[in-house]
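To start, the structure itself, in structure tokens.
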Amino acid sequence: MAVYHGMLRFGRLCIASLGARGPRTLLSRPRPNSKLQSVRALSSGMVNCTNPLPIGGLSYIQGHTDSHLVNTTVGECLDATAQRFPDREALVILHENIRLNFAQLKEEVDKAASGLLSIGLRKGDRLGMWGPNSYAWVLIQLATAQAGIILVSVNPAYQSSELEYVLRKVGCKGIVFPKQFKTQQYYDILKQVCPELEKAQPGALKSERLPDLTTVISVDAPLPGTLLLDDIVAAGGKEQNLAQLRYNQRFLSCYDPINIQFTSGTTGNPKGATLSHHNIVNNSMLIGQRLKMPTKTAEELRLVLPSPLYHCLGSVGGTMVSMMHGATLLLSSPSFNGKKALEAISREKGTLLYGTPTMFVDILNQPDFSSYDFTSIRGGVIAGSPAPPELIRAIINKMNMKELVVVYGTTENSPVTFMNFPEDTLEQKAGSVGRIMPHTEAQIVNVETGELTNLNVPGELYIRGYCVMQGYWGEPQKTFETVGQDKWYRTGDIALMDEQGFCKIVGRSKDMIIRGGENIYPAELEDFFLKHPQVQEAQVVGVKDERMGEEICACIRLKSGETTTAEEIKAFCKGKISHFKIPRYIVFVEGYPLTISGKIQKFKLREQMEQHLKL
């Protein structure tokens with residue numbers, strides 16, 4: 001029997017893809033010019049629920065699955081997992097020597113949630129968590145969800161002006177932090193914004209610059225004007241406070257906002273993407289299903305997480321995936337440390353490892369890399385920025401991570417929308433960010449016309465589905481510019497889709513270099529330079545040029561002990577890539593400006609290069 005679902009779906013989406021121009025633009029066109037004619041009926045044999053295919057030779061795809069989305073809160077998910085696996089190890093904080101099983105974790109989370117309510121925080125209040133990876137971070141993440149409080153994930157590297165910006169933006173009522181980490185003096189930084197703190201009654205702060213902030217909580221030291229987290233958890237253990245928590249939970253909805261995740265700031269001021277229980281619970285459920293977690297034993301579910309918890313990869317892909325699927329979450333260090341990640345794998349028999357490309361490069365380059373035991377590790381996740389094919393191959397071959405998957409997502413999409421299957425081939429993993437996730441739609445559109453592109457033709461990637469954020473907190477206009485009435489989230493990423501539905505990210509629309517009218521995608525050149533035997537890493541940016549508009553600048557980091565010249569690099573390019581893609585400038589660098597989550601800040605790199613080149 002012929003299945004016409006794809007044609008009907010495509011017809012609706014083709015209209016939606018036009019964004020602000022609306023459906024009338026499409027409907028008024030002469031029928032001969034409509035790409036709708038190219039969509040043919042799909043036979044039932046062509047409909048694949050596990051690996052859906054693009055429709056009609058165009059870059060639109062919809063993810064299918066036999067499982068339904070769930071309408072549960074984070075707290076309900078933790079309760080269910082604790083009931084199923086009470087004695088299974090849930091959380092191991094190696095640098096704090098903390099180990100909890102799921103029953104113990106649930107008990108502590110309930111007490112913390114109850115304690116937060118007992119000090120006057122209420123459903124919908126915003127509570128910032130500011131600090132490195134720690135037991136307190138996981139506790140606050142889960143406790144706020146249990147209590148209906150909105151967690152605000154604050155970058156642990158923020159200084160006073162950045163901190164003031166995010167706390168004011170979302171109207172934080174409270175903030176939690178350790179006294180210090182390395183050179184970061186959290187209490188002193190907050191005092192720069194709130195000099196009133198030192199003399200304030202704990203829990204009753206009145207700040208001129210942060211009028212919403214009343215409650216400051218210290219994780220590890222009694223400090224003037226603050227409440228101590230241990231005292232709050234202890235108070236939460238009282239039966240009357242736990243009873244109040246249970247009463248409050250009757251009024252929680254899975255559609256309530258649970259978390260404000262600030263974008264990484266690779267292009268300017270961060271925006272507060274607001275995510276609900278429904279967003280996060282379902283994304284973590286589907287990530288775990290794609291990783292085959294429901295089929296694995298406790299010994300096969302030991303997830304090593306060196307990534308920061310303030311970022312979606314850590315808090316959703318790490319903490320929530322573990323809580324949903326009964327995996328053991330192993331935090332290897334307070335901030336990223338390649339050696340500590342290797343120690344966690346070796347000593348704790350880690351089976352999964354998460355990280356960004358930059359983190360994996362550092363792990364592979366540890367001087368004593370070969371001394372670690374990789375017999376337990378099977379796979380993991382690489383995400384956060386484009387991963388060069390050579391790096392994917394090195395991880396799989398050198399670390400025994402045959403089930404490694406490449407993941408693509410954005411904070412605004414909760415975050416994962418494309419992901420490999422563990423059984424995908426090495427070439428499929430090295431050449432793409434995987435396939436569409438279930439219950440998610442994706443399309444690639446021409447940035448100038450708004451029409452769907454043909455397969456294997458670059459355009460801007462749009463996403464639609466349950467995963468799309470509720471909006472940017474307090475910024476309705478920016479929300480509408482990003483998620484229009486058609487409900488498509490415009491990623492700003494340039495991508496292409498192949499016949500099997502694999503997606504490849506070729507760059508950011510803002511990073512695309514226009515040199516003398518030619519469009520050049522940095523990711524293509526960055527992958528190319530990694531074929532040079534002496535190149536460890538490459539980043540390509542466009543720098544200003546009076547004649548061409550922009551010129552190409554390749555910022556190259558060489559392998560340890562290697563040397564070469566700009567002339568040799570250019571000679572390597574000749575005959576292998578188009579002449580107009582050969583960089584005018586080759587600059588050798590020791591590193592790149594990074595966000596705390598490991599993403600390269602191209603706009604800062606561009607500024608540095610223009611200064612260096614005196615442009």
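Keep in mind that glycine also has a Cβ here, set from the backbone N, Cα and C atoms.
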Annotation match for N6-acetyllysine in Swiss-Prot, from LYS111, LYS173, LYS340, LYS559: LYS340
Selected residue, Swiss-Prot feature N6-acetyllysine, from candidates LYS182, LYS296, LYS339, LYS604: LYS182
From the candidates LYS106, LYS179, LYS531, the one which Swiss-Prot records as N6-acetyllysine: LYS179
THR263 (ATP binding site) and LYS199 (N6-acetyllysine), Cα-Cα, nearest whole angstrom: 34
Neighbourhood of LYS182 (N6-succinyllysine), C-beta criterion under 8 angstroms, separation at least six: SER335
Other CB atoms, at most 10 A from the CB of THR263 (ATP binding site): 18
ASN269 (ATP binding site) and LYS544 (N6-succinyllysine), Cα-Cα, nearest whole angstrom: 23
Cβ-Cβ neighbours of LYS398 (N6-acetyllysine) (radius 10 Å): 13
Minimum Cα separation from LYS570 (N6-succinyllysine), reported as the residue among recorded positions LYS179, THR263, ASN269, LYS271, ARG508 that achieves it: ARG508
